[in-house]
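Heads up: the structure comes next, in structure tokens.
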Amino acid sequence: MTGFQSKLEEGIEARKKGRPEWPSRTSFLLAAIGSAVGLGNIWRFPFLTYKHGGGVFLIPYLLCLVVIGFPVLLLELSLGLKFRAGDVEAFGGIHRRLRGIGISSVVAGFVIVSYYANIIAWSCVYLVSSFISPLPWTAMAQGVSQTCDLSQALSSEENFLYNAVLHLGDAKQLQAASSSIMSGWVYGGLVFIFIITYFCIWKGVRSAGRVVYFTATAPVVVLIILFGYNISLKGAGDGVKAYIGTWDFSSLDSPDIWTDAAGQIFFTLSVSMGIMTAYGSYVNPKSDLVMDHAIITGTNSLISIFAGFVVYAVLGNVVHEFATKCDIFQHQALRLQAVQKVYSSQSISLAFIAYPRGLANFPDGVSNLMGVLFFFTLINLGIDSLFSMVEGVTTVIGDTARFRHYKRSSISIVACGLAFLASTLFATDLGLYLLDSFDHFILTYGLQLVGMMQCVAAGWVYGHEDSKARVGVMATYFYSGGYIVACCLGVLLCGALVNVKRPTYLALAFGIPVAAVVFAAAATASFLVRKDKQQDVKGFAGSILFCGTEKLRDSVNENARVVPLTPVWDVMVKYACPPVLLGLLVVGIITDAKAGGYEGYPRWLQAVSSLLLVAILMAFVVNLFLPSWWEMAAEDYKYAESNSTDSNEELEAKDLKEPAVV
């Protein structure tokens, strides 16, 4: 080992000493749940459920939760706990050339912060507007509310969002990439949001751990109150039936339902963004992560499903009131058109157009109260997720030797300032188009790409040297090389079959067995060229099958007090997740290519959005071939010299008393 590498190893050990911890297990759970349960639970999940055939969407959603969500979330938490560091240094602990995976996740998280903050800012505008009587979007109706023209059914709410709040540019501006105005309302909302975000994380987990007692619990209480009122409305039952009461199993043939389900899992569990690794690094070393991660994922999914009842009960009332006013109960075709117009409100429109339309049907005073409660809930849900993403960035920065002795408040204010500046891009008149395109590319490609790299790093790189020592170099390369070939071949076959309009399940039924045969042949060849010819199959399997993930599983099980982590988790992380995520990436590419690009947006916007993926990939590639650039920039070779063994109390005292380093 070189002197440089020796110092680097010393730095990793030094980083573990004196690290702050969550004030309690409850504060960690609330923070993690608050990060996971965000705006996507309110408007994205219900919309995707209706879009993909109602309750049948739960099938791919729950499958993706089990195959991808559970393993990746626990992987990130366990890496943070084991290496006591954020994403960059956690993967650097696996191998110095893998720090780029952590950098990629932080880049993805920062991009999400920049547009996600705008949605919270819109909620702030709507919250303030909800104190005005009559509600501003109803005041803009002026005759529209009495029309029975289905094309105008939501026009006043659309007018308020697109013109009064966003000042949205037209198609010509979008085509010419010409932006001329910024929304003052949204800009003001962003200022407010990032001030709140700063004070939530200005002392790291010590401040965030206290804030979450309110921000993570208040939205749940309010959702229960809203549900109690909304479900009593006329037509609420029809809305609930449209949401989850119908099951169109033909939707399962479409590859879109699977990519949307996977994207929803990544987004709502806050994985591949640098968040959960950072949160795990502050957990008490004796924490039961198996039980904690089950609580986090279970709560997140339950709130997603429950929020759909809250929203669609109101939408059912909207359809009922429209049908009553226009007397179309006896006209099945017209009523069906009204249902489609309201229920199919896409993603963001669900919360900011369709739901406000429902509020307008409530009596005076009640509409204001329910509006305040609903948008207050959106803000609280968004704030938790927002400051967790910023915390992921500040943790990575604070882990470096260069910034080790900077006050966390100083790092936080710089991170919030940069995020605010990036967010203003989405407050322009082209902001909604940018937001929609960026969101699609990050969720469909970016997060899944990072998740795949994380699983490969933990399953195939971590412990790789141990495998070579036990079974030999040739056997290890045959085994891992065969897996790579099998995955690529299986994914390409599945992608090709899906592309010729074969049902998804038929593509899987053909591609998976072919991949399994190829991998079995490679594993057999690996066994035949093993170093120790006396080693039996059981000994060989024990030396290579779970090497890497087994280390993490053992470290997690040291404190598993209820249910220990089984080798099933190893199988998911090492063998199942990489090909599944690669397959979803290929399906996403095929789908967008066949459609001529996402939503028909102009080429410049598609190109800019694609550059996000290039940045995420290049962060990994550059560090893979030039690992020293991060070590030199972060001065990690000096980390051992900057070792601090201060207790949490001493660190907190310093944070309050010492002047900032500038």
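Any Cβ shown, glycine's included, is placed from N, Cα and C.
For 26-45 (among others), the entry in TrEMBL reads transmembrane segment.
Among the features that TrEMBL reports, transmembrane segment is placed at 57-79 (among others).
The annotation transmembrane segment is assigned in TrEMBL to 184-202 (among others).
According to TrEMBL, the feature transmembrane segment maps to 211-231 (among others). Sequence-distant contacts of the transmembrane segment (211-231), counting only residues of its own chain at least 6 positions beyond either end whose CB sits under 8 Å from a CB of the stretch, comprise 27, 30-31, 33-34, 37, 200, 240, 303, 306-307, 309-310, 313-314, 317, 370, 373-374, 376-377, 380-381, 383-384, 387.
The transmembrane segment feature in TrEMBL is assigned to 294-315 (among others). Tertiary neighbourhood of the transmembrane segment (294-315): same-chain residues 29, 32-33, 36-37, 41-43, 45-46, 49-50, 58, 61-62, 65, 69-70, 73, 220, 223, 226-227, 230-231, 233, 236, 239-240, 242-244, 268-269, 342-343, 345, 350-351, 354-355, 358-359, 563, selected by CB-CB distance under 8 Å and a gap of 6+ residues from either end.
What TrEMBL lists as transmembrane segment is 369-390 (among others).
What TrEMBL lists as transmembrane segment is 411-435 (among others).
Per TrEMBL, transmembrane segment is recorded for 441-463 (among others).
Positions annotated as transmembrane segment by TrEMBL: 475-498 (among others). Within the same chain, residues 255, 460, 464, 467-468, 504, 506-508, 510-512, 514-516, 518-519, 521-523, 525-527, 529-531, 540, 544, 575, 578-579, 582-583, 586-587, 590 sit at least 6 positions outside the transmembrane segment (475-498) and bring their C-beta atoms closer than 8 Å to a C-beta of that stretch.
Note on the transmembrane segment (504-529): residues 252-255, 258, 471-472, 474-476, 478-479, 481-483, 485-487, 489-491, 493-495, 497-498, 537, 540, 544, 579 of its chain, located 6 or more positions outside it, place their CB under 8 angstroms from a CB of the stretch. What TrEMBL records for 504-529 (among others) is transmembrane segment.
Nonlocal intrachain contacts for the transmembrane segment (571-591), taken as residues 6+ away from its ends with a CB within less than 8 angstroms of a stretch CB, comprise 67-68, 70-72, 75, 255-256, 258-259, 262, 444-445, 448-449, 451-452, 455-456, 458-460, 483, 487-488, 490-492, 494-495, 498-499, 515, 546, 548-549. Among the features that TrEMBL reports, transmembrane segment is placed at 571-591 (among others).
Annotated transmembrane segment per TrEMBL: 603-626 (among others), in sequence order.
Here TrEMBL flags 643-662 as region 'Disordered'.
Per TrEMBL, compositional bias 'Basic and acidic residues' is recorded for 651-662.
Counting Cβ pairs closer than 8 Å to the transmembrane segment (411-435), the top stretch among 26-45, 57-79, 184-202, 441-463 is 184-202. At the 8 Å Cβ cutoff, the transmembrane segment (57-79) and the transmembrane segment (441-463) share at least 3 close pairs (sequence separation 6 or more) and count as touching.
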